[in-house]
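Engineer: According to TrEMBL, the protein has these features:
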- 1-61: domain 'Sushi' (DOMAIN)
- 77-98: region 'Disordered' (REGION)
- 87-97: compositional bias 'Polar residues' (COMPBIAS)
- 102-165: domain 'Sushi' (DOMAIN)
- CYS104-CYS147: disulfide bond (DISULFID)
Amino acid sequence: CPALPRMKFADVTAETYPVGTRLHYECDNGYRRRGGQKPGIQCRSTQQVASWVYREFECIDDKILLSMAPMVKLNVTQKPERKTESPAPQKQENLSDFDQKDFCGPPKTIPHASLILSKRYYVGQVLHFKCQSGYDKQFPTSGNRTCKKVNGKIIWTPLDMRCTNDS
């Protein structure tokens, strides 16, 4: 797809992704990616079913990383308590909303990480735009753009919305 036209004061999301889409996770402030792990995921078609291919990825609290510095060993036989974090709840995919063969549903959530949309999109990608809070003075305040092939040319459908603070 061509470069996505920039939309001021709007957030962009997607609910389904065509096969071939690559996304990556970014740790939230105060957290770091565990060393040696890759943040990327890809939507692939395996045995005619589209699904995300994940690698091991975890965001660790900076304070925990700092506390793992070498320490003086004490002669104590008590085992340290290990705190495990339960995985974040998964968004339930509604399989009737998309074709499992050609599109992946929402990727899994990872604690303390955000998904970053890639800058590269494929034909069939639908992006949802919504004005950020404080910038929704004009109607409509949300809309969709779809990457389509029309008469042999790949285009983004028009977006009939404008986000402004009227200043």
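Keep in mind that glycine also has a Cβ here, set from the backbone N, Cα and C atoms.
What TrEMBL says about a protein is an automatic prediction, not a curated fact.
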Engineer: Taking only same-chain residues 6+ apart in sequence, whose CB is under 8 Å from that of CYS147 (disulfide bond), what do you get?
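Structural biologist: For CYS147 (disulfide bond), the qualifying residues are CYS1, TYR121, TYR122, VAL123, GLY124, GLN125, ILE154, ILE155, TRP156.
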Engineer: Name the residues of the same chain, 6+ apart in sequence, whose Cβ is under 8 Å from the Cβ of CYS104 (disulfide bond)?
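Structural biologist: CYS104 (disulfide bond) has long-range Cβ partners THR16, TYR17, PRO18, VAL19, THR21, CYS43, ALA50, SER51, TRP52.
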Engineer: Summarise the model confidence on the domain 'Sushi' (1-61) as a single mean pLDDT, whole number.
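Structural biologist: PLDDT averaged over the stretch: 87.
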